[in-house]
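This report refers to the structure that appears directly beneath it.
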Amino acid sequence: MASYQVLSLAFFISFHLVEANGSGVQSKGTFLFGSIEALIKLVPGNSAGTVTAYYLSSTGDKHDEIDFEFLGNVSGKPYIIHTNIFTQGVGDREQQFYPWFDPTTDYHNYTIHWNPIAVVWYVDDIPIRVFRNYQRQGIGYPNAQAMRVYSSLWNADNWATRGGLDKIDWNSAPFVAKYRNFRPRACFWHGPVSITQCAANNWYNSPQYSQLSYDKQGQMAWIRNNYMIYDYCKDAKRFNGQFPSECFKPQY
């Protein structure tokens, strides 16, 4: 039988970034499939050059990874919600969005739902992106490596804001991001046997998680039509017209 981590941690965590160092945490356990969520309040004010990261990752050169990264900006400019997915060490699948709210004034829920069918990124229960499993057609999918949950606040001013043009203003340090109510509802990894056990008919594989509802598809379409600012599947210059195979597949 598969085992699960179903836990809501109500305590508060604050990450601090100063010129000498950043901060971060990682889960003790590793997981394969489930739902990982947390409430996060991002760095206020001039956050240019900072990145608050919240993601799942395995280890090694052929690692899998599912990312939320929040790219800071100069005061008055919006954050960028940066998403990406790696399979067998291959990423380059970025999609980016402006938030439709101020993510620094209150906590917002960021959830990664991951099952054998698809990965879905949610913000406040609104799906913003889906990456479906087309492994049988030669497209990599993260379904055989255990992943930990990681989060950190770090200096990325060589690329994070306008490609590195806007640097961190250390006079505004310390930069602080706040977390609460971290909740993993996920299948514990117990070695290779978990590849089969965690992919069995568990709650996260139920029909409501195998396909977005009509309402959820409508919510996502609204976000993508109004707030998406970058999609790797539309970057013809980057790929010289040779788009990755999944770009031609329906995702939702």
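Heads up, the Cβ atoms here are built off N, Cα and C, so glycines get one too.
Taken straight from TrEMBL:
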type     : residues : note
DOMAIN   : 1-179    : domain 'GH16'
SIGNAL   : 1-20     : signal peptide
ACT_SITE : Glu65    : active site, nucleophile
ACT_SITE : Glu69    : active site, proton donor
CARBOHYD : Asn73    : N-linked glycosylation site
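In the predicted structure, the domain 'GH16' (1-179) carries a mean pLDDT of 93. All protein chains considered, the CB of Glu69 (active site, proton donor) has 20 other CB atoms within 10 Å. Taking the C-alpha positions, the distance from the residue listed as 'N-linked glycosylation site' to the residue listed as 'active site, nucleophile' comes to 25 Å.
For the recorded positions given as Glu65, Asn73, the lowest number of other CB atoms within 10 Å of the residue's CB is seen at Glu65.
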